[in-house]
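Enquirer: Can you read through this structure? Questions will come right after.
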Amino acid sequence: MSSLSRELVFLILQFLDEEKFKETVHKLEQESGFFFNMKYFEDEVHNGNWDEVEKYLSGFTKVDDNRYSMKIFFEIRKQKYLEALDKHDRSKAVEILVKDLKVFASFNEELFKEITQLLTLENFRENEQLSKYGDTKSARAIMLVELKKLIEANPLFRDKLQFPNLKNSRLRTLINQSLNWQHQLCKNPRPNPDIKTLFVDHSCGQPNGARAPSPSPASNPLLGGAVPKPGGFPPLGAHVPFQPTPAPVPTPLAGWMSNPPTATHPAVSGGPIGLGGPPIPAGLKHPRTPPTNPSVDFPSGDSEHPSKRTRPMGNDEVNLPVNVLPVSFPGHAHSQAFNATDDLPKTVARTLNQGSSPMSMDFHPIQQNLLLVGTNVGDIGLWEVGSRERLVQRNFKVWDLSACTIPLQAGLVKEPGVSVNRVIWSPDGSLFGVAYSRHLVQIYSYHGNDDVRQHLEIDAHVGGVNDLAFSHPNKQLSVITCGDDKLIKVWDAQNGAKQYTFEGHEAPVYSVCPHYKENIQFIFSTALDGKIKAWLYDNLGSRVDYDAPGRWCTTMAYSADGTRLFSCGTSKDGESHIVEWNESEGAVKRTYQGFRKRSLGVVQFDTTKNRFLAAGDDFSVKFWDMDNTQLLTNSDADGGLPASPRIRFNKDGTLLAVSANENGIKILANPEGLRMLRNYENLAFDASRASEAAKPTVNPMSSAVASSAGLTDRVGPVVGLSAMNGDVKPRITEETNDKSKIWKLSEINEPSQCRSLKLPENLRVTKISRLIYTNSGAAILALASNAIHLLWKWQRSDRNSSGKATATVSPQLWQPSSGILMTNDAADTNPDEAVSCFALSKNDSYVMSASGGKISLFNMMTFKTMTTFMPPPPAATFLAFHPQDNNIIAIGMDDSTIQIYNVRVDEVKSKLKGHSKRITGLAFSNVLNVLVSSGADAQICVWSSDGWEKQKSRFLQLPPGRPPTAQSETRVQFHQDQIHFLVVHETQLAIYEATKLECVKQVVGSTRISCPDISCDVFLSNVHSLVIAAHPHEPNQFALGLSDGSVHVFEPLESEGKWGVPPPAENGSASSVPTTPLVGGSAQDQAQR
């Protein structure tokens, strides 16, 4: 529906309200879904008209649309159920339970069981959580407060809670204006005409009594396009009801238009069929695949709520103002391809480590050696890639929380984690923008070197801000954003004022691509339903409605000279497409070949030199000549790339930034780029050596963290060892250039050498047996040897704006109001001899735990025991949740078997046999669909998680003379790439590749290694019998559980910011060798202090 048709509905609503058609007003509100009348909704809730309440809501949302909607319907139906119980109408309560509330059982079965149990109570207020329930009237009022908050926070109600500010009787006024106009067009207008009908156009009678003929294009000059009489109303233009004449559009864009403007030339052409066909709205609202383009497959799939995947990045070349557009030189003609690959950046020149996983990158448009990076934990970094120096590091922080919307404030309190979706420089490089996964856009100003200042913070969208671009409409710099709320917005880049809001997409908007042609500025946008739309800087709606190949995650970009348009997209089934568009016809011109049959993630692309296309696919970077659909060449960047790496060219195309595993970024260069980097390296080399030599030496210690050699530009150390007396000499099966390097240890033996915090104690706890950070990083969970669990939670405050675990602010030892503890079923044996184990669900809602007895499943919010199962013998020795289904648990047993257990149906689905001693480690890979197990027999096994058959097994290579002891433990943990995993044994640390089960790296210790854990950047072990946990996001933060029942959190001093002292760079030797080791925790990344 067009924007004017939508406004007409509001005019009708106003008219019906003024005429007191009350029921009809609310029926139209509900059926149109344009305006949610909160006053009417409140009245119906207060009156308990539940059927009408739900019917009215159904015009705006359904139960399963999102979590807000689900909560709204649940609260209403719960209230209806409680009122039936309060009236002792059991049959009605059962009916509500079965018909209305059972739908929620699939989302929270335990809650449904608890609600069902209320039927057994004489008074449901006997339930602790309902003990404060008053009378019906007060309960409805309390619920209504909650419902209003949920509705206001629900993105589906956005812009539907406020009725437009209209003058009284606006529809009557418009009709009177129309009648006045019609009267002025009469050939013989009469004074004070008596108009008695609106069903036909008004016309005054002829002098002799004859009636005027019905108006037609032939007889009425206005309908033929003539200008009305002087003093009359201006012409309406197009003669389709409520359809204004669009503003002029560039010729290329006109070919895409589903509703092209009225033109003086014939609308029919003899060319191929495109989107600019005859103006038949019904046929063009959802145009079909162009018949001239049979090679492109358009799979179906209209879900508006796809899983969030990594989004591709666009190209800043499309955002450049006219005076700095790249120039295409005749000498760059590329009809001959014999030397084409020489111009491509394919040589690995630098390897950087951002400290958290890169999500978006952009080179400075002028200083092309500066790389801006945004990560999955909200960090941004600015690198000078020639010298490998990180100039700037900023962690995510809301600059002015009080200026943010209530939904954002509430969301950040509940879950403070954010990711960067996009970073981009302004055309002149004086500003850069950061789009986050939660509402916000932050604009920084750049003043050279490391001088970065806060410029603007905009609460731009409800949900994620998916893309960001700069443009120059009206000769002023603007910021364009798009988001999960299906909107595109334009903001003044200087003061943050909102200039335009474009609505019309029916799914979250995924990307924007601003451009200009023939002095006309416009924006292409793509949404997650595959729709491509185009917008002028006006309020007249979209000019394009078309399906992109793949019909899911798509980005668009122009060539550097702005003459050629490309798009890259990936379907939900993993089919990827890069195509060039024929703008004049709105059809696909060519489709490029060479993608993996099923891409592992969303493929992203970039263009350079008006000549090449590049895309990250199949663990490599693939290149095409723009004029040839066949793959030109590809590069794996010496290995270590993720399945779909993020890529970004610099403006000249001499450098290419590629995201790598282990939070890495590889800088690829062509010969010209290598010369440029060498120049910067020579300038910075002496200074960097002097800086490294000046760093103080840290004394030896008993608990140590080591850092990898050769990584002078890391935020934190890469690999750490402790409990080793003497040097640690890594035996590395790859990267032979690094064999001579010794990993240096940073040891702590004085409290002044670090920041530490002893967590509040529980006197009932003795020795800490297991310790883990929650996945959110905001809490620590411990399991003591006496089977009691402890949970410490950090709160957001002025001193701790992130709400994450820290050694600077003390947490709360949390316990529910009921006072119960999470206590495992204890074994009859000595508690110190029992093997303790636990595992957290991905959303931190449940913990599965055992202390030698039965396995218990606890609710982390209420501490209630949901169920217990599997009494010993054999006893559980290790637990792991299936990554895709929290109901499936892998349980390692004391008898060397692994049981695959379904909690929901209380059934062992499979029993895996392959080890000869107890299971000591389990880890799932959700990329490879495998389970890796390890045992006290020093054996590693790989199992398919589809059929649970064993794929491979291998025994560890133990040093001579050091056989495994009876108490030997082998632990395994997958790296964030889900392909490599770390193995920790008392004799060694090793990294394996899971598909071939080959050892990639190995470090043999001279003494026993115990109690290790992996952080997102380092792993740690210690000599004493301590339990160690690593923060999932902070690479330098660890927690220690001691034998006296206490837990300590420790971090480096703020003045140092990281552990370890990296050795000096070896004259560029690391520049061509991948120095990023394949070690890291699954929770990924770092936020540097």
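We number each residue from 1, going along the chain as drawn.
Cβ coordinates are placed from backbone N, Cα and C, and glycine is handled just like the others.
Automatic prediction, not curation, is the source of TrEMBL annotations.
Dumping what TrEMBL says about this protein:
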- 207-225: compositional bias 'Low complexity' (COMPBIAS)
- 34-92: domain 'CTLH' (DOMAIN)
- 206-240: region 'Disordered' (REGION)
- 280-317: region 'Disordered' (REGION)
- 1054-1089: region 'Disordered' (REGION)
- 458-501: repeat 'WD' (REPEAT)
- 603-634: repeat 'WD' (REPEAT)
- 912-944: repeat 'WD' (REPEAT)
Enquirer: Per DSSP, what is the residue count of the repeat 'WD' (603-634) in each of helix, strand and coil?
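Expert: Each residue of the repeat 'WD' (603-634) counted once, the result is 0 helix, 20 strand, 12 coil.
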Enquirer: As a quick check of your reading of DSSP, tell me how many residues in the repeat 'WD' (458-501) are helical, how many are strand and how many are coil.
Expert: 3 helix, 25 strand, 16 coil
Enquirer: Within the domain 'CTLH' (34-92), count helix residues (DSSP H, G, I), strand residues (E, B) and coil residues, in that order.
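Expert: Going by DSSP assignments, the domain 'CTLH' (34-92) contains 40 helix, 0 strand, 19 coil.
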Enquirer: Count the residues of the repeat 'WD' (912-944) that DSSP assigns to helix (H, G, I), to strand (E, B) and to coil, and report the three numbers in that order.
Expert: 0 helix, 21 strand, 12 coil
